[in-house]
Amino acid sequence: MIFNVEVKISLKKGMLNPESSTIELALDLLGYKVKNTDTIDIITFQMEENNESKVLEEVDDMCQRLLCNPVIHDYEIVITN
Amino acid sequence: MTLTDSEMEYIRKMLKRDPNELEEGMLDVMFSEHCSYKSSRPILDLFPTEGKNIIMGPGDDAGIVAITNKLALAVGIESHNHPSAIEPYGGAGTGIGGILRDIISMGAMPIALLDSLRFGPVEDQKSRYLFEHVVKGISDYGNRVGVPTVGGEVEFDESFRTNPLVNVMCAGLVEKDKIVKGIAPNVGDVFLLMGGLTGRDGIHGVTFASEELTSDSEIEDRPAVQIGDPFTKKKVLEASLEILEKIDVAGVKDLGGGGLTCCISELVEKCDNGALIDLNSILLREKGMTPYEIMLSESQERMVFVINPKYVNEAFAICDKYELPRAIIGTVTDTKLMVVEDTYNKDENGNNDIIASMPAVLLADPPSLNREIKAPENKKESIKVENPPIEESILKILSSPNIATKKWVYKQYDHEVQIRTVVKPGDDAAVLKVDDENAVVLSCDCNSIHTKLSPYNGGAGSVAEAIRNVVSMGAEPYAVVDCLNFGNPGNPGILWQFKQCIQGMSDLAEKFETPVISGNVSFYNETEGIKINPSPTVGVVGVANLNNVRTMDFKNEGDKIVIIGSTYDEIDGSEYHRTLHDLEQGEAPKIRIDEEISSSKAILKLLNNDHGEFNSENNKITAIHDCSAGGIAISLAEMSISSNIGAEIDLTNIPISENVAAENNDKDCINDNDLLFSESHGRYIITVKPEQLDKLLNDINVPCACIGEVKGNVLKLTGKETDIKIKVSDLKNAYTGVIEEFMA
Amino acid sequence: MKIGVIRFPGSNCDRDVYHTIELAGGEAEYIWWNKDDFSYLDAVVIPGGFSYGDYLRAGAIASITPVVEGIKSLVKEEKPVLGICNGAQILGEIGLVPGIFTVNENPKFNCEWVDLKVTNNSTPFTSNFKKNEIIKMPVAHAEGRYFVEDIDTLKSQDQIVLQFEGKIPNGSLEAITGVCDESGLVCAVMPHPERASEEILGSSDGLNFFKGIVNSI
């Protein structure tokens, strides 16, 4: 079966995110005051597997070994078909 | 479509029929100003292009100048103005990509980049946005490819508000016997297309660059912008160098404006040959691309190698090693025709469907246009100004974005990679060592206000300034590259400016024996009537013995300060007028070619007699800086700021033109303000060990004088009406942090 | 004696490192990213650049290429491994040194000369310096801010090799800009010693890093 996978990668709570702080400051220059700005990377792809739990197992391995750095990242996996 | 009626008539005559849709599309691109240079070619013929050190002048992707016994330098410069106005990050990045490809096409390894940027006032939010993203685009691209960006300039002026200018210059090293050209000399050779895949990017990028931007441009023109990919470019660079090293390649050319159409037709036309292109062999990034899109695509990072068929497998293996798409897309023929065939569709006879067939010369060599040239009407009356206190003016000019330090910019550029950078950004020019004895010195300059006020003097003056910057580092100037940014050439006044400017540049380059070896013209830099100040960006290449290199910072208290060259009463067109009075008026400082040459020769002679060493304490000549924007005042301030040491200056010793003095029957006829801020050409400020002063003044045959001494922590200026002291720390505070504050 | 210089797609300081190894009296050889036989090498240097375009994270993709097996085999044989800039990021991603070099506090690329303190001079790379000696080298990176969760262990095991002295240009934790593993034989530094190996370029302090490798073989 073909599964649609979405991996959301975010920095751990408390980690400095220079990109999001810069975005917040820049929006302020436009005249908008926003707070709690965060940047999240989303990686999507399709893969062929027999069942969803296998997909979850494999995507988890991808996250642990390449897509994320566990020192600074948290991740969330969403699978649909 | 931009083909005029007379161009269509010419095309019909050459083809003896009407062009089909694909052919018309290809011709439209090749006849565009950007590809054909039809409006500028007749005038560009004025440039001197040959000389004793010149290996290759204009005509190929870059010019080549000999720099040592074994080594040559390929140099080119390019503009990417219109794309950067719409999408500054990608526009600037692909500008870098384009000029890098031009250098690689000559078989050279790129060793330096310089950028010349112009935006609207930094107070304007849109201009800041463009500035920020252009710099980031250059930074991200250049840094990734591993080529240091070592110099350049930035100007902020109202005239560039709607039309920013992004000019990028690149230099590459090549052994003299390894130079390759953009030619296809052998019938039977094949075209190897490698690098990026062909997609829909930048379709009609060159016709876009040949039209004015209208205010709807931002939305309408988005598909015309190319996307850069520096990661692929780096792989293309490495693969190209390896192919050139291992295979006896007949010719190389990169794909830029006009895509495959331009590249192939120019390759074969140079050798009076033809080409047969197999449309279906071209590797595509997207499905369902039409022949039109394929032949005109400006997808980046693509190169064409012309090779003997026996080398194909080896070339493929190298591309595969770097994981780069590659394909043989056609052959060199003897028909003198550029033919494109579709091998998936057969015609009634079962032959491949020929979808385009035109003489290569029709594509590569469109007729020039002799447009009308007319000098504009006389100028407005000049306004008289009140001069504020000089200290105030100095600090104000130092803190203006045009003069203040550009550190905010060059900190974002990796200027150390390739471990050649002897003198870092911030001095007069970049100095890169090429071996243990020699250095290549590169500068990039332009004075757009001078050029607007007096195109002849401004053009010549821009070349003079770029040469002075190179001489200030101890180098002999060898060659010039130019990037000419002007408005609409259909306007006779603009074309008059263009011709005057080129005449000035030519006269100077000829006398200096620094031929123009490569260049670029960017027209149509205007939006709904708002024209840019004409900007002839000049790059100069010089060669220095490392022992002769001197930086601008004061070195020792007690060193004597000497000015070389006369100062004239020429305050018009100055940074002083722009910053303090918001004025652009009068006549720009005149170029005096003989004086310019003798000043520069004097500097080089002094250095040769110094027998010194880079940064040595034993040097007799200890510092050199040229005088340009901001005049003597700013030059002295910059020498002070970079060293944290002050100086005591006697303005009454500054040599002024004898003619001016005689005309006015009075030696003291230039007031101190104008003396300090006038931007006369041909001047350098040097410092020398005190015991060497007398000998030096005797040795030089040009107007020169000792005007003071390096001393203390204050810049002290005394003149007939002036007695001021400015703390070096105040100079420094004015000069630093300016751009940073605007961009925070 | 052979010191390997690894080349990934996108590495751009490989030629500079090769040149400097030879300047220091060593013999260098380029190692392509898909090679894993390192048996004949005496040391390896991972140079700076933008391997794989810095896509995903700097050093992330390089850290899963075949050449990593070769690097690990050298580590097992107690041979020196030096990662410079992107090379440091790669060593962090592989996990051969603790922590990560991530996005600068001011998220812009930054190239400037800095003063550094040699906090640990018992690694082969820093053995030619005095302890706490102040040296000069350039940095050039957008992702150089050092972060690690367990800073205390790092300190107690003397794994901090270089620290910024004075100004910290990128927000690194405790001004750290060079770390090593517990053995001291694997070292990751963000500044570029190969760019500070000739006085005429600004300083020759960096040459000692390479002389240190050569002498240790």
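Even glycines carry a Cβ here, placed using N, Cα and C.
Binding of substrate is attributed by TrEMBL to B:Ser79, B:His80, B:Asn81, B:His82, B:Arg101, B:Gln226, B:Glu298, B:Ser299, B:Gln300, and the same site annotation extends, among B:Ser472, B:Ser506, B:Ser518, B:Ser522, to B:Ser522. When TrEMBL records B:Tyr37, B:Gly519 as binding ATP, the matching candidate from B:Asp482, B:Asp559, B:Asp569 it lists for that site is B:Asp482. By the Cβ criterion (under 8 Å, sequence separation of 6 or more), the domain 'Phosphoribosylformylglycinamidine synthase linker' (B:1-38) is not in contact with the domain 'PurM-like C-terminal' (B:557-712), since fewer than 3 such pairs are found.
Across the annotated binding residues for substrate (B:Ser79, B:His80, B:Asn81, B:His82, B:Arg101, B:Gln226, B:Glu298, B:Ser299, B:Gln300, B:Ser522), the two most widely spaced Cα atoms sit 21 Å apart. Of all the binding-site residues listed here (B:Asp102, B:Asp254, B:Glu298), the one with the fewest other CB atoms within 10 A of its own CB is B:Asp254. In this structure, the C-alpha atom of B:Arg101 (substrate binding site) lies 14 angstrom from that of B:His80 (active site, proton acceptor). Broken down with DSSP, the domain 'Phosphoribosylformylglycinamidine synthase linker' (B:1-38) shows 25 helix, 0 strand, 13 coil.
When the alpha carbons of B:Asp254 (Mg(2+) 2 binding site) and B:Gln300 (substrate binding site) are compared, the span between them is 9 angstrom. A separation of roughly 12 Å, to the nearest angstrom, links the Cα atoms of B:Asp102 (Mg(2+) 2 binding site) and B:Gln300 (substrate binding site).
Taking 8 Å as the upper bound (exclusive) on CB-CB distance to chain A, the recorded positions B:His80, B:Asp102, B:Gln300 give none. Annotation for B:His80 (active site, proton acceptor): spatial neighbours B:Gly91, B:Ala92, B:Thr94, B:Gly95, B:Gly98, B:Val166, B:Val168, criterion Cβ-Cβ under 8 Å with sequence separation of six or more.
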